[in-house]
Amino acid sequence: ACTGIENIDEAITLLEQNNWDLVAAINGVIPQENGILQSEYGGETLHGPAYGPTSHSTAASTPSSSSAFRHVVPSRQIVERQPRMLDFRVEYRDRNVDVVLEDSSTVGDIKHILENELQIPASKMLLKGWKTGDVDDSTVLKSLHLPKNNSLYVLTPDLPPPSSSHSGALQESLNQNFMLIVTHREVQREYNLNFSGSSTIQEVKRNVYDLTSIPVRHQLWEGWPPSATDDSMTLAVSGLTFPCHRLTVGRRSSPVQTREQSEEQCTDVHMVSDSDGDDFEDATEFGVDDGEMFGVASSALRKSPMMPENAENEGDALLQFTAEFSSRYGDCHPVYFIGSLEAAFQEAFYGKARDRKLLAIYLHHDESVLTNVFCSQMLCAESIVSYLSQNFITWAWDMTKEANRARFLTMCTRHFGSVVAQTIRTQKTDQFPLFLIIMGKRSSNEVLNVIQGNTTVDELMMRLMAAMEIFSAQQQEDIKDEDEREARENVKREQDEAYRISLEADRAKREAQEREMAEQFRLEQIRKEQEEEREAIRLSLEQSLPPEPKEESTESVSKLRIRTPSGEFFERRFLASSKLQVVFDFVASKGYPWEEYKLLGTFPRRDVTQLDPNKSLLEVKLYPQETLFLEAKE
């Protein structure tokens, strides 16, 4: 009525951008020259058509009115616009600074004021806490559509921390990363989200909205610490458990109110400009339904499809089905398997016999007159929900749209045969919803029962229990067969293992023998090579020796007698002028290389091998004769 915006999604988006500050939202979209919008309680004057709160007598006289505001004929006199003042409370470590500015000022103006108050250069400040998109120093405050009262905080990552341990701990917390494990209650799905300590609770809720499609105003949370009372609060000071904290979110159900309560509460709705975040909740809290608020029937808003038409992914379709089912009939309902029908078969039928379950397929149809009663009174009954969760895997499909109906009939023909598909095809709309009970068998899947919507809780429970009796008998047989098969397989595995161990032992023994033989052969080869090498050296030395002088030689001759370690003796004559090396070569030619043996003299006892080999026998006093003996070196 105020703005001419008829698209509800657009209107809600504008309200969320302005933290549900109705005056700020209207002021942001109405052209300046159109008039004045006044808030009776805020005392502010804004351009736009004038509207005021509806009086009690007006609401009582027109109970069918769906608007919380009445039109006031704008005055012909144009009132000059007064500047709108904004209040900011800025937190920096252990200090709070209050700043009041006109909405025509910029973010940089706030920083300049803080620069004087905090004695911190503006270039070193990071001003955080804005609830709208990216903000820089040139951003005009008016363009952010802020409420009158705002909370901000300053970060100075480039400056050293203060000496105070409390301030240091706060700064450290702002730089830490928190892992939030958020459970979406309706679909039983967990999200692991990382946020810095400087992020606000409002930012967390907006991120969860992107994941779950639950608007911030409809989110119902569990797990926030008692100290987390303000959505503008940062995670670092909210009291969350570091490094990991668990939260649960669900969709808030709208309270049911009588028309008298609605009329009475309509008179208390005022245009308050200082509303913050989620303080302005769903309009149903004031007795005005979402649909009535905008002149649209509420049933038309809630009648969103259970499942998208021509959904490419069955898992995504089941997620929407579960969320929509919860929003219509509450959180107490069967836990629907999220995934394809083939995946549901795998979960129900192809595990171990003791873990197998029946498969229950719920076929929904929005156009059936039985659907609401069947879902709310039977399918959501606690006894039915508990029995299904213990004994069944429950899978669901929406047959309202023709494309989805055709897709399920194709799946039905492939998995259950044409007879079952034809049976479902011939069901009339008023016979829906249907509940199919499927039991898996060795070669096929058998449909035990098709339960139509015109039943009672007791009858539904009796038919589920009857199907369980048939399944239990089959399950016991399967367990027996499986145990016998496992016993046979265990015996075979034990035999195979014993045979494998025996083969391993034989192979290890054979390999050890082969290694031993190879090592002996290698050592023998080395020994032969060494002997051949020694023999070659001995022959070479023997050939290089000078001829033995004769006894009647005219030259001085030294006669040496050498005793071996084995007790044998060998003798030879050498010229007294011969070098000691000739004696060494002679001894080596007999198989006693001087590198391995010492040649010792007797009187006096000395090690001849330590003497200079280039000296003559005469010089080393091995003349005219000497007895030497060989001794192996250590």
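Glycine is treated like the rest: Cβ placed from N, Cα and C.
TrEMBL annotations: computationally assigned, not manually curated.
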Q: Identify the region 'Disordered' range according to TrEMBL, selecting from 182-202, 539-559.
A: 539-559
Q: Scan 47-70, 239-262 against TrEMBL and say which stretch is down as region 'Disordered'.
A: 47-70
(Q) Within the domain 'UBX' (553-630), what mean pLDDT does the predicted structure show? (A) 89
